[in-house]
Amino acid sequence: MAGLLDTLTGLLGYLAGHSYRVVERLAGQASLFLLVLAVLIAAVVLVARWVARHPERVQAFADRQLSRPRVARLRAGQLAFLVRWLHPALGLSLTLTLLVLLAAGWAFAAVLEDVVARNELATWDQPVAGFVLAHREPWLTTVMRAVTELGSPTVLAPLIAVIGLAWWRRTGSWRPLALLTAAGLGAWLLAGGIKLLIDRQRPPAATDLAGHLTGYAFPSGHATTAMAVYGMLAALLAATPRWGRKVTAWAAALILALLVAASRVYLGAHWLTDVLGGLALGATWLFALLGLTRLYQPLLDRRRLRNERTTSPG
């Protein structure tokens, strides 16, 4: 019996040591890449948790930004006219939407300028590509090939259809399907059009693990559509009075978009600035749509109310 126990103990010790070496070998070269990705995701999660737990501080910060002279002048001028014409409760949400839209547009313009001029951010493209190339592992490549599909039309198109139709069956509204379709299709068309204008080449084919690629590099279509579609889904899910649910929806959308962007760089399909530009472009299109929706919805409400009054008896 003692001999059997000794044998089992030795076998378990061998298996534990062997398993550790296997895990160490599998993590091996990929550990630094995973560490960078984990830090990014952890940062999003930590910020989201803080925001979810401190809504009053977030509100105070937003109030300070809205009281800045330039923003105050904007609210007192053109926005005030729109708000009075459309709906008095529209002011704050429309202002915040426009501020995020301007910030995202500025970020895209900044990345685009660096790509065209080949300076500042663009100087990081080659070092980052070299770093990723040196830290690839077969198992991680398999994972990243699956992750990258989350930003592809083959996944996003059915996802939009399923979510939109399910929403319609539950609420009777086609609005979610229309918004998700506009987000995905518009982002895809924008990215494709800008690619033709910029005419930037992709990374060398020798580094490509994403399969046969066609077209130009900037901006990343996967990153653009992922940010727009998952962001729009977050906006729809965030239409709730529960602050924590709002924050969770937006944080999840951002994490998904970041994962898709990271997968494109890892697989050699894009440079770093391609995905940064794609994320910024996707956010720009997303908040442009949200702004238009906030402007158009009061007009639809007015028309519906007018029709109800016209058709009502007496």
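Keep in mind that glycine also has a Cβ here, set from the backbone N, Cα and C atoms.
Feature annotation from TrEMBL assigns domain 'Phosphatidic acid phosphatase type 2/haloperoxidase' to 177-290. Taken from TrEMBL, the feature transmembrane segment covers 30-52, 89-112, 150-168, 177-198, 218-240, 247-269, 275-296.
Note on the domain 'Phosphatidic acid phosphatase type 2/haloperoxidase' (177-290): its mean pLDDT in the predicted model is 90. Through the fold, the transmembrane segment (247-269) approaches residues 33, 37, 40-41, 44-45, 47-48, 51-52, 128-129, 132-133, 136, 140-141, 144-145, 147-148, 150-151, 202-204, 207-210, 213, 220, 222-223, 226-227, 230-231, 233-235, 237-238, 275-276, 278-279, 282 of its own chain, all at least 6 residues removed from its boundaries and within a Cβ separation under 8 Å.
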